[in-house]
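Record features (TrEMBL):
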REGION    1-21  region 'Disordered'
TRANSMEM  38-58  transmembrane segment
DOMAIN    87-267  domain 'ABC transmembrane type-1'
TRANSMEM  95-113  transmembrane segment
TRANSMEM  125-147  transmembrane segment
TRANSMEM  153-174  transmembrane segment
TRANSMEM  195-223  transmembrane segment
TRANSMEM  235-264  transmembrane segment
Amino acid sequence: MSDTTAAAPETTLPETDAAPTAPAAGVGTTLLAWLDRFAPALAFAAALAVWEAATWVFAIPSFLLPAPSAIVAAGLATPAEVWLGHIWATLRVALMGYLLAIAVSVPLAVALASSRLLSRTLYPMLVVVQSTPIVAVAPIIVVTLGASDLPRVVITFLITFFPIVVSTVTGLLSTPEELIELSRSLRAGRSREILHIRLPYAVPHLVSALKISTTLAVIGAVVAEFVAAERGLGFFILFSTSFFKIPAAFAGLVVLVAISLALFRLVGLAQKMLVPWSLPKSER
């Protein structure tokens, strides 16, 4: 009896066209990148369109809620020299208060991080100052210091300095203990420990506080102008609302937001140029 072997029939799978998946993946990636880049602008434009449509559909009076087109018209109707005068008055006070806050807050933060006794003594006082409503204290400061730039700078400083102090202290104290012990084993002095070890670790915290404080500085300048000022965007908004020129007041508010965003971006650019290593890896 002879063994017979039957050849197994060959089975062929249907061919699948896998080539189009690569272009499809590329298109999907491009679309996601496009959305990631332009989604904020599209969302903002959609919100403005809804706002504009709502004012027309519900016939909302401009003295209650002006349409974006009315705000733009009011802004364009105001002469450029008027805008420049008010912008410079607000920006000057905001920058002076902001720079004063940096000059005071960073050394104070170093002192608080270096001395437990000083921290326990001064920190509660700083919290009390920050907890005091600046709007309530602003008239007293103006009466005490007189109607000039000085009280406005002081008010801006009081609003701005606390986040810088707290963030810098947090950064200084977040330095790994191994590095501190290593520096002490190498007999590095206290000043070298602060300058070469603690401060570099505090830079990301400090920059974050500086970004936040730019917006607070503009807010402080406007609050001061609400109390006593003859120029400035805060004065312009207060003057416009007192005469029910609400579109003009909104235009002043838009300019304030633009100034805050510009200062915020300016600090971010300075961080990229001066201390790029402090940025997250995704932003470098």
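Placement of Cβ uses the backbone N, Cα and C atoms for every residue, glycine included.
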Against the transmembrane segment (125-147), which of these stretches has the most C-beta pairs under 8 Å: 38-58, 195-223, 235-264?
195-223
Cβ pairs under 8 Å between the transmembrane segment (95-113) and the transmembrane segment (195-223), at least three
yes
Positions whose Cβ lies under 8 angstroms from the transmembrane segment (153-174), at least six residues beyond its ends
93-94, 96-98, 100-102, 104-106, 108-110, 112-113, 119, 126, 129-130, 134, 137-138, 141, 145, 194, 198-199, 201-206, 208-210, 212-213, 216-217, 219-221, 223-224, 227
For the transmembrane segment (195-223), sequence-distant contacts whose Cβ falls under 8 Å of one of its Cβ atoms, 6 or more beyond its ends:
90-91, 93-95, 97-98, 101-102, 106, 109-110, 113, 134-135, 138, 152, 155-161, 163-164, 166-168, 170-172, 174-176, 179-180, 183, 188, 232-234, 237, 256, 259-260, 263-264, 266-268, 271, 275, 278
